[in-house]
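Visitor: Got a structure for you, questions after.
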Amino acid sequence: MEKTFVMVKPDGVKRGLTSAIMQRFESKGFRLCGAKLMQMSETLAKTHYEEHKERPFFGDLTKFITSGPVFAMVLEGEGVIDEARKMIGKTDPKEAAPGTIRGDYAILKSENIIHGSDSPESADREIALYFTKEELIEDRSSTRV
Ligand code: RTP
Ligand code: MG
């Protein structure tokens, strides 16, 4: 079953939005395979955002993402990668539609509450960066009520 990696960023955790965000994905019908509150190291931050390492905002981005605990999640369900990105909304919260997570909870591009994998390749890479196989409970579709 398709899986994605979603992470409430330090601003979201600090503002107490973790459960409200998790609720949206669960209510939609996606299943939680794994979740943890954690402090990202500088090394993990640089690896996670490796694709942006030449961009001018890279330093601020890694500083921000390590500024406090994050809440990492793996979600499972049909089309979850694209659907979670839709639910998250555009990168700049000012352009994110109302009803999306960024549209409803954020104002600044640099503090946009949540991360979600942008492709199947990113999802595989990011899930492996944050979770061991043992930490994930996979494919519960047959036990779904
Ligand atoms: P994310 O990876 O965090 O889920 O965000 P995203 O896919 O929507 O956006 P991405 O292009 O991957 O950018 C990663 C994060 O870098 C910050 N950013 N700042 N100043 C800028 O022009 C700029 N562009 C991107 C954002 O915080 C974005 O979430
Ligand atoms: Mg991205």
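Note that Cβ sites are derived from N, Cα and C of the backbone, with glycine treated the same way.
Taken from TrEMBL, the feature active site, pros-phosphohistidine intermediate applies to HIS115. Residues annotated as ATP binding site in TrEMBL: LYS9, PHE57, ARG85, THR91, ARG102, ASN112. Here TrEMBL flags 1-138 as domain 'Nucleoside diphosphate kinase-like'. The phosphothreonine annotation in TrEMBL covers THR91. Residues annotated as phosphoserine in TrEMBL: SER122.
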Visitor: Where does the mean pLDDT land for the domain 'Nucleoside diphosphate kinase-like' (1-138)?
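Guide: Averaged over the domain 'Nucleoside diphosphate kinase-like' (1-138), the predicted model reaches a pLDDT of 97.
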Visitor: How many angstrom lie between the most widely spaced Cα atoms of the ATP binders LYS9, PHE57, ARG85, THR91, ARG102, ASN112?
Guide: 21
Visitor: Per residue, counting other C-beta atoms within 10 angstroms of the C-beta, which of the recorded positions THR91, ASN112, SER122 reaches the highest number?
Guide: ASN112
Visitor: Please report the distance from the Cα of ASN112 (ATP binding site) to the Cα of SER122 (phosphoserine), rounded to the nearest angstrom.
Guide: 19
Visitor: Among PHE57, ARG102, HIS115, the recorded positions in the record, which have a C-beta under 6 A from ligand 1?
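Guide: Only PHE57, HIS115 qualify.
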Visitor: ARG102 (ATP binding site) to SER122 (phosphoserine): how many Å between their Cα atoms?
Guide: 20
Visitor: Using a 10 Å cut-off on CB atoms, tell me which of the recorded positions LYS9, HIS115 is the least crowded.
Guide: HIS115
Visitor: How many Å separate the Cα atoms of LYS9 (ATP binding site) and the residue listed as 'phosphoserine'?
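Guide: That comes out at 17 Å between the alpha carbons.
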Visitor: Could you put numbers on the helix, strand and coil content of the domain 'Nucleoside diphosphate kinase-like' (1-138), residue by residue per DSSP?
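Guide: So the counts come to 65 helix, 26 strand, 47 coil.
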Visitor: Take the Cβ of ARG102 (ATP binding site) and count every other Cβ within 10 Å, whichever protein chain it belongs to.
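Guide: If we count other Cβ atoms within 10 Å of ARG102 (ATP binding site), we arrive at 23.
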Visitor: Given the binding-site residues PHE57, ARG85, which one is most crowded in terms of C-beta atoms within 10 angstroms?
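Guide: The residue with the most neighbouring Cβ atoms within 10 Å is ARG85.
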